Amino acid sequence: MMTGELILVGLIVIGLIGRSPIIATAACVLLAVKLLHLSRFLPSIERRGLELGLLFLTLSVLVPFASGKVQMKELIAAFNTWPGWLALIGGAVAAYMNAKGLDLLKLDPQMVVGLVIGSIFGIIFLRGIPVGPLMAAGITAILYKLFKLMSGG
């Protein structure tokens, strides 16, 4: 087995141990692509994977609006209460951090390894729940900027 395949198998095991089915599934799909000699599709997956993932994430978030589960009164309530305003601010901050995470992942794709290992550590030892690499990268980008500011760099 080649190094790439071994790493993918390792990520599958880590994903299973760390209760992160998305990591395990993604590694399984990529391993299947490699083993089925479909590696010619890897550049396309790399180039468009984040966009497709964000599209499906956005679709799932918007389903309550399309299905009518969210009514106009809930939309108005979001602007009339403190929890509603805090939710709006939280959503805006999360979107900003995700954008910074996307920028960081585009600049340094190898950062995913640290994000995956850090996420697994948090899941196992801090009783956290799996989050996407985008949010983890966003937090990393903010921490990186803070570190640079504090170190004078």
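Positions of Cβ are set from backbone N, Cα and C atoms, glycine also.
Note that the structure is predicted; figures quoted are calculated from it, not measured.
Beyond its flanks by at least six residues, the transmembrane segment (6-26) meets 34, 116-117, 119-120, 123-124, 130, 132 of its own chain at Cβ-Cβ distances under 8 Å. Marked as transmembrane segment by Swiss-Prot: 6-26 (among others).
According to Swiss-Prot, the transmembrane segment annotation covers 50-70 (among others), on the basis of sequence analysis. With a cut-off of 8 Å between Cβ atoms, the residues of this chain six or more beyond the transmembrane segment (50-70) that come close are 102, 105, 132, 134.
The transmembrane segment annotation in Swiss-Prot covers 75-95 (among others), and the record cites sequence analysis as its basis. Panel annotation: around the transmembrane segment (75-95), residues 135, 138 of the same chain, lying at least six beyond its termini, place a Cβ under 8 Å from a Cβ of the stretch.
The transmembrane segment annotation in Swiss-Prot covers 111-131 (among others). Sequence-distant contacts of the transmembrane segment (111-131) (same chain, at least 6 residues past either end, Cβ-Cβ under 8 Å): 11, 14-15, 17-23, 104-105, 137, 140.
As annotated by Swiss-Prot, transmembrane segment applies to 132-152 (among others), with the evidence given as sequence analysis. Counting only same-chain residues 6+ beyond the ends of the transmembrane segment (132-152), those with a CB under 8 A from a CB of the stretch are 22, 50, 53-54, 57, 94, 96-105, 111-112, 114-116, 118-119.
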